[in-house]
Amino acid sequence: MAGKGIPGLEHLHVWISIPFCFAYTLALLGNCTLIFIIRADAALHEPMYLFLAMLATIDLVLSSTTLPQMLAIFWFRDREISFFACLAQMFFLHSFSIMESAVLLAMAFDRYVAICKPLYYTTVLTRSLITKIGMAAVARAVTLMTPLPFLLRHFHYCRGPVIAHCYCEHVAVVRLVCGDTSFNNIYGIAVAMFIVVLDLLFVILSYVFILQAVLQLASQESRYKAFGTCVSHISAILSTYTPVVISSVMHRVARHAAPHIHILLAIFYLLFPPMINPIIYGVKTKQIRDYMLSLFQRKNM
């Protein structure tokens, strides 16, 4: 099989690759730095930062699953990918997207316990529970995504081996199939709706309780400080879910828009959260910011 890149913009591939390469470099540096800091500083071995390390790891895998191949297409016109490698890329791409949603939900639960049940924080969010949450996130993603490669493996592909996309997305692969793909389409939509709607619903519910608890605090300074601990997480939620919502709306409102519009939106969804999340947490989280400043001060001494 082969990836076509961005249909209609083939002549601009080299120029388009520049911002993508820059964003991927930022994602690699930012997320690796976050993981290093959280691992190196014992004071950051708390639930919130352990979940953040999970998020950074997922963002690294998500961006690295697709960006190197995209850059190979843009720079070297290396479009070839084996069928099984394509299925593997699709599996990792969608599985880690589901894991990212689960970790964001876990981080919302962490903030709920920290603000609404502060006396129970250390007894509820134990290392054991954090490990179980991580394992549950992986198990849910793998369980939901495992059927897709097996289903796609047994189809007959008579519409050519070229995918009209930069990477092996489920919908792009299904379009090459000759036969009844209604089950795949329904299953894909059902999983997406189940994950986005259910996880986002619980995240919103958590913040309703958090807002109620914050408003009941006596002083304005206490309210500001309590809600300030949630700013980074809210920003990460917006950076992750906003591109998903925009892409979904565009698919329904602008069905007849040029294919490259939808592809660019899909790439933006993959690149933007991994690039922006480390910046959000690096700037907004005092402990991480202080550790980075201390590293720079040691180098300058």
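The backbone N, Cα and C atoms fix where each Cβ goes, glycine too.
The domain 'G-protein coupled receptors family 1 profile' annotation in TrEMBL covers 30-281.
Here TrEMBL flags 12-37 (among others) as transmembrane segment.
Among the features that TrEMBL reports, transmembrane segment is placed at 49-75 (among others).
Annotation comment: TrEMBL describes 81-109 (among others) as transmembrane segment.
For the transmembrane segment (129-152), the list of distant contacts is 47, 50-51, 54, 87-88, 90-91, 94-96, 98-99, 102-103, 106, 170, 173-174, 177, 183-184, 187-188, 191, 194-195: same-chain residues at least six beyond its ends, Cβ to Cβ under 8 Å. Per TrEMBL, transmembrane segment is recorded for 129-152 (among others).
The transmembrane segment annotation in TrEMBL covers 186-214 (among others).
Here TrEMBL flags 226-249 (among others) as transmembrane segment.
Among the features that TrEMBL reports, transmembrane segment is placed at 261-283 (among others). Cβ atoms under 8 Å from those of the transmembrane segment (261-283) belong to residues 6-7, 20, 23-24, 26-27, 29-31, 33-34, 52, 55-56, 59-60, 62-63, 66-67, 70, 93, 100, 165-166, 169, 232, 235-236, 239-240, 243-244, 246-247, 250-251, 254, 289, 292 of the same chain, restricted to positions at least 6 beyond its ends.
If one looks beyond the transmembrane segment (226-249) by at least 6 residues along the same chain, the residues whose Cβ comes under 8 Å of a Cβ in the stretch are 55, 100-101, 104, 107-108, 111, 114-115, 196, 200, 203, 207, 210-211, 213-214, 217, 262, 265-266, 268-269, 272-273, 276-277, 280-281, 284-285. Counting same-chain residues at least six beyond the ends of the transmembrane segment (49-75), those with a Cβ under 8 angstroms from any Cβ of the stretch are 3, 5, 13-14, 16-17, 20-21, 24, 27-28, 30-32, 34-35, 38-39, 81, 89, 92-93, 96-97, 99-100, 103-104, 106-107, 110, 130, 134, 137, 166-167, 236, 267, 270-271, 273-275, 277-278, 281, 287-288. A mean pLDDT of 84 is what the model gives for the domain 'G-protein coupled receptors family 1 profile' (30-281).
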